[in-house]
């Protein structure tokens, strides 16, 4: 990943091949554009992988708005980021549960779902979930919009038993679309 | 589709089962929340299917930011909308071309691609494209972000030979992610 402190790949530039806990330590005030050259990464609003999170896949992001987490919660900051190691799994599998602690009705997912309701999930919420393999990104709204939560089999032992474990900024169990992350 | 003139499914309400050319004719100043009960729809910023466009799939959109076209170009208006008739095709197929008028290198797509570059497209642009069947949504940035362009086999004979045909608001051929639309 190559990050720049000005828009359109201008200004100070730094290339990373592994995680960065705080881009300010490299003389950046913030990141205003970036290019992902390989792999899949997750970016965070604050240092130490805190705040809003958002998936970064191969391609060009010429301004903050291009990578900023969501439509609804517009952010202007990217302060830490890390590669998603398990995103090269060929097979992505997860189970979603209606209620917290892996209770209630469940659904097995191994594909991309722009609308969970269209695939038969009768709810705009997911109470808890378990990742058997690979990595997924869950979104608050249909069509891959709103808050993002990156969920990996390598983190939390793949278990997210309450919406507070979905991410440090997560305030509701509302999840309406889910897709796989692949490199 | 059920639309409301206040956030969180409050205020004036109207249910549509077919296209709406101008929601103001139904006494709405604008739409501030909506629920898609079945099918896939496309919403437009302005009346008569003009301006920014955005796909609306089954689920709940409690505020403008939840359905507004993109991260980058935040809009506050939904004035017209219509169902995407061909989105029930089982098989979605399209061909993308490097240059306008179906020239240059080409790629065949029949799946979802959060990063065209990751699948081998060596460019952040698509010059022209042809939809053989079904409907797709193309996005300016990777990970289904930025401007959206809804492309259907039933419209324009499925042929989009210059980026100006991608949508009335389209100003560049930049396309970095593409996915199918299904009901």
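Placed from the backbone N, Cα and C atoms, the Cβ positions cover glycine too.
Because TrEMBL annotations are produced automatically, they should be read as predictions rather than curated entries.
The structure displayed is predicted, hence computed values, not measured ones.
What TrEMBL records for A:1-38, A:39-85, A:92-133 is domain 'Beta/gamma crystallin 'Greek key''.
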Residues of the parent chain within Cβ reach of the domain 'Beta/gamma crystallin 'Greek key'' (A:1-38), under 8 Å, 6 or more residues beyond its termini: 47-49, 56-64, 66-67, 76-83, 183
The domain 'Beta/gamma crystallin 'Greek key'' (A:92-133): DSSP-derived helix, strand, coil residue counts: 0 helix, 22 strand, 20 coil
